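Now, the feature entries from Swiss-Prot:
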- 55-93: repeat 'WD 1' (REPEAT)
- 98-140: repeat 'WD 2' (REPEAT)
- 147-188: repeat 'WD 3' (REPEAT)
- 203-244: repeat 'WD 4' (REPEAT)
- 337-376: repeat 'WD 6' (REPEAT)
- 384-423: repeat 'WD 7' (REPEAT)
- 433-472: repeat 'WD 8' (REPEAT)
- 557-601: repeat 'WD 9' (REPEAT)
- 604-643: repeat 'WD 10' (REPEAT)
- 654-693: repeat 'WD 11' (REPEAT)
- 705-751: repeat 'WD 12' (REPEAT)
- 759-794: repeat 'WD 13' (REPEAT)
Amino acid sequence: MQVENLHTSVACNRCTECADWGPNGWIAYGACNAIAIMDPKFQGNSAKVLFTLVEHTKRVNTVRWLDCDKLLSGGDDAIAILWELDETGTTKSFTLKGHTSGVNTVDGIRQQDGSWLLATAAADTTIKLWTFQDNNYVCFQTISLSDGFCFCLRLQLLPKSNQVLLAFSGDDETVSLWSEQVETAGEGDSLGRQFQRKHKLTGHEDWVRGLDFVVDGEDLLLASGSQDNFIRLWRIAPRSKEQMQENRVDLHQLSHNDDEIKVEEKILQLGKEAWYAVSLESVLYGHEGWIYGVHWHKTPDQELRLLSASIDKTVIIWAPTEEGIWLEEVRVGEVGGNSVGFYGGKFSGDGHSIMAHSYQGGFHIWSQDPDRPQLWTPGVIVGGHYGEVRDLAWEHSGAYLMTASADQTTRLHAPWLQDGANPTWHELARPQIHGYDMQALALLSRYKFASGAEEKIVRTFQAPANFIENFRHISGIENDDAGDVLLDSLPKGASVPSLGLSNKAVYKVDSEVESTSKTSKDEYPDNYFVPIALETPPQEETLMQNTLWPELQKLYGHGYEIFALAATADGSLLASTCKASNAEHAQIILWNPSNWKQIQKLSGHQLTVTQLSFSPDSRYLLSVSRDRRWCLYERQDSSVSYQLVASTDKSNGVHTRIIWSCDWSHDGQFFVTSSRDGKVVVWKKEEDCKESSLNGWQANGVLELKNESITAVAFSNSYLSGTDDTYILALGTETGLIKIYQFVRGAWKLLSDLNKSQAHHLTVRRLQFRPGKQLQLASCGEDHLVRIYDIKLT
């Protein structure tokens, strides 16, 4: 069996040094405890996460490309990892251990002898310097910052020299410059290399969050971006011994508390006969918020460009005039929407594209127009959830996948069909942006769904006309009778009013109100909707505010937070459950989506019902619970009401711990349950079964995985190719693994075992096979990842 990763969706971690654009054209970024490697030019004009690197055990805080095949990362698990990777994703990794707290910034540089000098800074108030050569690493120095904290650091080789300069910023609003000295014993024997402090650059009035070096002829330029909204450019220029003697300033007599801007040159001795002058080149002001990232780029003509990213939702490219005055050349960013701003930005290797990642983990990419260099246009990018993904559901024909997350959003993922290219998957809409963490969802039809969050209400939504038009165009949807019926009657879109949680429908007439009737408040609404005809998948800015679905109805009836939802295949029934500690609240409520009225309440469980599943023909409703039992309800003839017909108890229940998941086979002959006790049980109705509470249902096959908790299970939508009695099941575990099994006549056979790099590195929350002829599996987990796999049987 071959399993190919068709789609991976995940957001960038909320850290300032957490994304980098490498010289190989790939973007690496921290994604929960993993590192995602994305190709932003996949198939020319698309984007795709190629693979993930999993070794960190806590959140990844920082990533830094050192070369085309070397990547350095640091995480909250107090380690840094040096990765060596090739185009296929095959990696070797070397773990740098020594810190006692989370590593928050890293850098590295290749030296003239071919070895690597690496620097790591952590929350344990230390900076560690390492050498790496021939697959061996050594920590040769630890710089203690006393009670200080390092936000950013950079290493740089001085031009025409093997001398290394270390710059780092701390919580004292300064930038420290250190250089290496070779210490010798009294008789001239070398004791080894050590870095010593040479100077502190003062002037900023708040923490410095971004640093970057660039070589300018024989000089170095250092850019520092600060939370005081200013960028300072520092020039480090070589000086002869004669110049040094004329201009020398005794640095040791400078007060460390002198906050005054010092424009005069400061002479540094970096080596025995190497003298450098440090001076303030320029101060740039253009941002209205904290500056979190700066990045240099040198054009083929040796012209310098500086990129700055700020929490004020803008990214600026700065360029010097002929007179040497630095001016703003390009400004891009977000407008409107529920966003905070940018946590970092980078140039591509050729400088014709720029990337920024936001507080909510979304990526933005802009590319320079070849014909009009001053025009930068937004491009297609991959994003995802920035919180644990708790539920997913396929549209009934497999046209799209919808996911719900603790980041308070539901997102719709669909393929982008282009002529002459394989489809690539992208986020096409964000139907719900809520004020509560999302928990569950169920699709009622192609353009209607219900969702539950950490509130007592079930909310239902219907797609607006603008989404239907764009969805058809991007995904190549034809023969869409459901959409044809809705197009003329539906609102164009939706928006969320100030201080509201409900998506309010926006009709065409809303935008045609005479301007004379508008108050100043109405002219600039907090969240607005403008119909857009999309040719490509939408950018993050559009997704945040222009792809909401109008809310149809709120369903009241539960006493606690919604926990699980399920709908029949035809969307004629909706079932919901909530968190419960007694039988009254553990009841399942059935709703009629045609009039949104309660049909009945189903009793049977004592504690929270964790998952629900209707049989393909809607005859049965299966529920599993925290009370370690499953209940089966059967639909009464010519009625919409259900009745409890089978359940397990202490004497006949196979499971001994909470039952997390359940599913039906496509033919309705079997259902499966999985539990924290590591057991997966397939149940079938047998005529000769004597157990009264089971009413003929009995365990047909039990799979037990020792020391595993099975948190998700799913049947495929067809038999194994060429058979009429062989089923395929997928299991997800608490450790993040996905296992695919063949099940035939009570026997299990493992077909494929996906490791943490291929699957998830935290708990798998939901699995579901895509409806249709293809064998494709969707998964989501607590690691923020949503994945779609294409499975080929060999």
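Just so you know, the numbers here start at 1 and follow the chain as drawn.
Glycine residues also receive a Cβ, built from the backbone N, Cα and C atoms like all the rest.
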For the repeat 'WD 6' (337-376), I need the partner stretch with the highest count of C-beta pairs below 8 angstroms, choosing only from 55-93, 147-188, 384-423, 433-472, 705-751.
384-423
According to DSSP, how is the repeat 'WD 3' (147-188) divided among helix, strand and coil residues?
0 helix, 25 strand, 17 coil
State the non-local partners of the repeat 'WD 13' (759-794) in its own chain: residues 6+ outside its ends, Cβ under 8 Å from one of its Cβ atoms.
1-11, 31-34, 52, 54, 384-398, 401, 403, 405, 411, 413, 425, 661, 711-718, 720-721, 728, 730-738, 740, 751-752
Name the range, of those listed as 384-423, 433-472, 654-693, 705-751, that has the largest tally of Cβ pairs under 8 Å with the repeat 'WD 10' (604-643).
654-693
At a C-beta cut-off of under 8 Å, are there same-chain residues at least 6 beyond the repeat 'WD 11' (654-693) that contact it? List them, or none.
610-617, 619-620, 622-626, 628-630, 632, 646-648, 699-719, 727, 729, 731-732, 734, 743, 746, 766-767
Count up the helix, strand and coil residues in the repeat 'WD 2' (98-140) according to DSSP, in that order.
0 helix, 28 strand, 15 coil
